[in-house]
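Novice: Handing you this structure, nothing more for now.
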Amino acid sequence: MAEVQRYALVTGANKGIGFEICRQLAEKGIIVILTSRNEKRGLEARQKLLKELNVSENRLVFHQLDVTDLASVAAVAVFIKSKFGKLDILVNNAGVSGVEMVGDVSVFNEYIEADFKALQALEAGAKEEPPFKPKANGEMIEKFEGAKDCVVTNYYGPKRLTQALIPLLQLSPSPRIVNVSSSFGSLLLLWNEWAKGVLGDEDRLTEERVDEVVEVFLKDIKEGKLEESQWPPHFAAERVSKAALNAYTKIAAKKYPSFRINAICPGYAKTDITFHAGPLSVAEAAQVPVKLALLPDGGPSGCFFPRDKALALY
């Protein structure tokens with residue numbers, strides 16, 4: 001009996017981890033819909049990948065997609081329905097950091113490494129995140145506009161795209177949704193006790209309550225009240241948006257029990273966002289979302305997996 005053809009959509013796929021996710025899924029025989037906000041870059045990425053994989057053009061298609069634009073989201077759903085009739089795998093990979101850099105950009109990676117160490121300390125029982133002062137002569141600035149873009153791209157975007165594609169995923173015998181998140185979405189790094197309480201209360205968790213946390217955060221940063229309201233001192237929008245995405249992952253998994261829906265941290269990789277620092281290549285980072293995208297039936301759902309735990313699943 002012939003194997004049923006599977007179709008996957010990957011967001012933010014014209015470069016970096018998203019591009020490598022497309023490559024690895026295509027190598028598994030899956031027809032991949034490579035999407036990106038910028039049409040020119042997306043088409044160029046498709047041609048590059050087709051050449052590198054040496055496969056027929058119908059194995060990899062491109063469609064413009066801006067996850068922050070409702071019309072763009074609706075258009076890609078119509079495209080998939082008309083061309084393929086269903087969707088098997090959705091990888092919500094597109095994301096932004098929400099910060100502006102001034103001076104030496106290596107300060108960005110100092111903060112990332114400090115946050116990883118802080119999370120390890122908190123997981124080991126530390127009462128609070130240790131203070132950190134970077135050595136590099138640079139500054140990381142978080143403004144309302146960047147924070148809003150971060151929240152819309154990292155949380156609202158994946159949520160709205162997922163909701164738009166649910167009817168097509170329901171036509172798959174083994175629907176999979178992978179939300180590319182971050183360990184920085186850990187509630188241990190969220191600081192604000194009210195937000196931690198809301199997002200950590202799984203029995204009462206709803207989309208409306210998650211949205212409320214996000215909107216209160218945006219209101220506070222707009223009014224210059226981040227410190228007063230006890231939000232994180234840096235990567236605030238990144239932490240809040242990824243914590244919200246992790247919470248939505250649990251909600252969606254509970255609502256659609258036949259799906260396998262999980263969030264993952266791919267690890268600290270050399271991408272444009274990290275100014276190409278980090279120990280992992282984008283190919284290594286992509287292994288994690290691909291692993292979750294190909295999760296066997298009966299696998300876990302509604303979970304967040306750090307890189308090491310995801311790789312050990314099967």
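Glycine is no exception: its Cβ is also placed from the backbone N, Cα and C atoms.
Just lifted these from Swiss-Prot, have a look:
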BINDING   10-33  NADP(+) binding site
BINDING   SER182  substrate binding site
Novice: Looking at the binding-site residues VAL10, ALA13, CYS22, LEU25, which one has the fewest other Cβ atoms within 10 Å of its own Cβ?
Specialist: LEU25
Novice: What kind of secondary structure is PHE19 (NADP(+) binding site) part of, going by DSSP in three states?
Specialist: helix
Novice: Taking DSSP three-state, what's LEU25 (NADP(+) binding site) in: helix, strand or coil?
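Specialist: In three-state terms, LEU25 (NADP(+) binding site) counts as helix.
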Novice: Please report the Cα separation of the residue listed as 'substrate binding site' and GLY16 (NADP(+) binding site) in Å, rounded to an integer.
Specialist: 16
Novice: Counting across all protein chains shown, how many other Cβ atoms sit within 10 Å of the Cβ of SER182 (substrate binding site)?
Specialist: 28
Novice: Below 8 Å Cβ to Cβ and six or more residues apart, same chain only. Which residues does that give for ILE31 (NADP(+) binding site)?
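Specialist: Those within reach of ILE31 (NADP(+) binding site), by Cβ under 8 Å and sequence separation of 6 or more, are GLN5, ARG6, TYR7, ALA8, ASN58, ARG59, LEU60, VAL61, PHE84.
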